[in-house]
Amino acid sequence: MASADKPINTDVPEKDVFALHFLQSLSNLRRQNAFNSPDDTTNNRVKKIKKAAYVSMARAAGGTNRLWSRALLRRAAKENNKVVIFSRRKKRVTWLRRSNRRDPVDAERLRNLLPGGGAMETSKLMEETAHYIKCLSMQVKVMQCLVDGLSAK
Amino acid sequence: MSNRRSRQSSSTLRISDDQMIDLVSKLRLLLPEIRERRRSDKVSASKVLQETCNYIRKLHREVDNLSDRLSQLLDSVDEDSQEAAVIRSLLM
């Protein structure tokens, strides 16, 4: 069973792709007047921004092409009570979750941290993690730039 | 009903060792902690996983902090200020 040893791609888009998606999300929040409604506590505002960050990151990074981004978007849509239907490209082997019990504790912890990690096979988990980390750090950079830009007077 | 992908993942519970090594080494390169420790080439997979978890948690915390600051900053951006103009121009 020679599995093709093709190099596994963990490339992420450029920073401005993330920036654009994030700014668009923020502008949508603004349009919905999320920042100005009187019954909106600071906590809610922060939560909305955080959610916008994750959702825009998932969209920028690959939308439905990555398991973690699909899981993230699905979770976000569930919170909005939306029904999300993703096209099933591959048969999801969720029954593998049982056989993953022999994973060491560290892999378990990683599964808990990665969106959708619980259903992934171990090797896929590694690949998705690498991509997730790259996207997260890109998103953090974008947010940091925005903060810097806004705080500089 | 098994396309090549699902057959590969259901009958071989691990990818080839080479791919695994390649992935773990990619992960290693992404982790700042381990990158700085040049002398030891042998970092156990367990250590890599631990550092990965720590790094992800750290990134999550940073997203939290930055969201917090953004919420404060965006609140105080006047509609007519320069920053708003910049942001608007970026979105056009």
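Glycine too: its Cβ is placed from the backbone N, Cα and C atoms.
Copied over from TrEMBL, here are the features:
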DOMAIN    A:18-79  domain 'IBH1-like N-terminal'
Checked against DSSP, the composition of the domain 'IBH1-like N-terminal' (A:18-79) is 47 helix, 0 strand, 15 coil
Do you know the mean pLDDT across the domain 'IBH1-like N-terminal' (A:18-79)?
82
